[in-house]
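Below you'll find the structure, written out as structure tokens, and then a few comments.
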Amino acid sequence: MGDTDVTSDANAPWLIVGLGNPGPEYARNRHNVGFMVADLLAERIGGKFKRAGKAQAQVIEGRIGPPGPANRRVILAKPMSYMNLSGGPVNALREFYKVPVANIVAVHDELDIDYGVLRLKLGGGDNGHNGLKSMTKAMGPDYHRVRFGIGRPPGRMQVADFVLKDFASAERKELDYLVDRAADAAECLVIEGLERAQGTYNS
């Protein structure tokens, strides 16, 4: 698993990882909401994703927060390895940019939370999420998560079918607002800390 320093350092960069699957056929799937949030954060920073060498990920480097001590250096990342292999690219980026595990934020879909509800936390289990499972295997569980609720599949629909389908038409009416809110939550976590972000965004 390698050296996985979990101690947050005020001067260390932050790595915000949007989890998803690469390719246009997955772009609007429920499972790709992490990519949607990462894309919005990229727009805010004002950069374009570029290939990260051998890390099998797309990245943008930038800064967020007001001038002064609260200004943070961030790396936005979208693993290009498919969801269940996300840990390898994320850990490679962590090592390359010297990011403490505690300075990593994974933005991902969450089945056990109602649609659009956010829950922020540090550490914990993977709750059956293959992207988190891969990350935890690569570097341990002590990273932050922005969990974006997608709810459970209706009736007898299989979970795999549900997460790999696009959001329903009724859900899409709110999706832009909810993705914007999740991006705000990730920024707040990095700039002001987990407790403040939880108090503001945990629904």
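Cβ coordinates are placed from backbone N, Cα and C, and glycine is handled just like the others.
Taking a C-beta cut-off of under 8 angstroms and a sequence separation of 6 or more, HIS31 (active site, proton acceptor) has the following same-chain neighbours: GLY20, ASN21, MET83, ASP109, VAL163, LEU164. Annotation note: HIS31 (active site, proton acceptor) sits in a helical segment as assigned by DSSP. The active site, proton acceptor feature in Swiss-Prot is assigned to HIS31; the stated evidence is sequence analysis.
TYR82 (tRNA binding site): 16 other CB atoms within 10 A of its CB, across all protein chains. Look at Swiss-Prot and you will find TYR26, TYR82, ASN84, ASN130 tagged as tRNA binding site.
Per Swiss-Prot, the feature site 'Discriminates between blocked and unblocked aminoacyl-tRNA' maps to ASN21. DSSP classifies ASN21 (site 'Discriminates between blocked and unblocked aminoacyl-tRNA') as coil under the three-state reduction.
Secondary structure at ASP109 (site 'Stabilizes the basic form of H active site to accept a proton'), as computed by DSSP, is strand. Residues annotated as site 'Stabilizes the basic form of H active site to accept a proton' in Swiss-Prot: ASP109.
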Sorted by sequence, non-TYR26, TYR82, ASN84, ASN130 residues with Cβ within 8 Å of centre, tRNA: GLY20, ASN21, HIS31, SER81, MET83, LEU85, SER86, GLY131
Sparsest-packed of the listed recorded positions (ASN84, ASP109) - C-beta count within 10 angstroms: ASN84
Greatest C-beta neighbour count within 10 angstroms, which of the recorded positions ASN21, ASN130: ASN21
List of residues, in chain order, with Cβ under 8 A from that of TYR26 (tRNA binding site) and at least 6 apart: GLY20, ASN32, LEU164
Among TYR26, TYR82, ASN84, ASN130, the record's tRNA binders - longest CA distance, Å: 16
